[in-house]
Amino acid sequence: MLKVESNWAQACDTCRSAACTVYCRADSAYLCSSCDAQVHAANRLASRHERVRVCQSCERAPAAFFCKADAASLCTTCDSEIHSANPLARRHQRVPILPISEYSYSSTATNHSCETTVTDPENRLVLGQEEEDEDEAEAASWLLPNSGKNSGNNNGFSIGDEFLNLVDYSSSDKQFTDQSNQYQLDCNVPQRSYGEDGVVPLQIEVSKGMYQEQQNFQLSINCGSWGALRSSNGSLSHMVNVSSMDLGVVPESTTSDATVSNPRSPKAVTDQPPYPPAQMLSPRDREARVLRYREKKKMRKFEKTIRYASRKAYAEKRPRIKGRFAKKKDVDEEANQAFSTMITFDTGYGIVPSF
């Protein structure tokens, strides 16, 4: 018996002695090559069962994608683990794996079915209808999600949303290149290298006669509008060269060319109102203005307005010490100190009593 563990391959559900190689969705069973040939060659209904390869990495789940870079069939879990490891692995191109054909493992069943089809015309018609039904069912199974019939027995393998983000930018670049090449073939445009600066490649070839007609028409338009453009703009800076227009050459314009060809200002600038020129004063007017300024300066009043007359009178009466307002207590102390000083000064001299 095959030892079935987390690190061993999935054993065949029929013989239990060999490693499985395919997974049958209809039977929800893992089968080896021999058991798959025996089971699905029994009848036509069994041969129409959809089988897919087993993942070559874990060998325990049905394969969902085929990596072209690694040349390996991987299940959804292994695919996400391997291709999310680094940016280089994310660029691998993967495609969904299609079911195995019903004639892959059973040559006997194939020969038998061919003999039956050739010998019996009724069976030939039935076989043709069955093949058409099988093709339609196979296309529907890959375009649409599975129905509720096999939704419970898919062992974590679902078809639908996992195929939405398969083709990464490597394949999209290839598709874009193919589409551009096809578009150029449809338009009959030769692929040439345009190395010259300022040349725009045309996408539609113009015949020689059509080109000559366009050139003549453009010449007539230019000759008729010469005077109008000369009178309005005063130059030929807005005229486009005929050869450059027809051949796809972008005319190059520089500041020096525009200055030489158009000496006057543009129309948009001419329409704007001009700024008033700065007024120049004569020496006499300037002297008169200075005198008026000095007279006004002399007439200015800087008198201090008195809002409260009572406050002004009280401020004048308040005692001051060294020019600052002082309290009554401070004034009394100062007066006593001055009186004591005067007494000390008087006692310094002797008093002569008179008789």
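Keep in mind that glycine also has a Cβ here, set from the backbone N, Cα and C atoms.
Annotation comment: Swiss-Prot describes Cys12, Cys15, Cys35, His40 as Zn(2+) 1 binding site. Positions annotated as compositional bias 'Polar residues' by Swiss-Prot: 252-264. The feature domain 'CCT' is assigned by Swiss-Prot to 286-328. Per Swiss-Prot, region 'Disordered' is recorded for 252-281. As annotated by Swiss-Prot, zinc finger applies to 12-54, 55-97, with the evidence given as sequence analysis.
Positions of the features from Swiss-Prot, shown on the structure.
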residue : record                : DSSP class
Cys12   : Zn(2+) 1 binding site : coil
Cys35   : Zn(2+) 1 binding site : helix
His40   : Zn(2+) 1 binding site : helix
Quick check: which same-chain residues outside Cys12, Cys15, Cys35, His40 lie with their CB within 8 A of the centre of the Zn(2+) 1 site CB atoms?
Asp13, Thr14, Ala18, Cys20, Ala29, Leu31, Cys32, Ser33, Ser34, Asp36, Ala37, Gln38, Val39
Sequence gap of 6 or more, Cβ distance under 8 Å: name the residues on the same chain that satisfy this around Cys35 (Zn(2+) 1 binding site), in order along the sequence.
Cys12, Thr14, Cys15, Ala18
If you count, for each of the binding-site residues Cys12, Cys15, the other Cβ atoms lying within 10 Å of its Cβ, which residue has the minimum?
Cys15
Could you tally the C-beta atoms, other than its own, that fall within 10 angstroms of the C-beta of His40 (Zn(2+) 1 binding site)?
26
Kindly state the mean pLDDT of the domain 'CCT' (286-328) in the predicted structure.
86
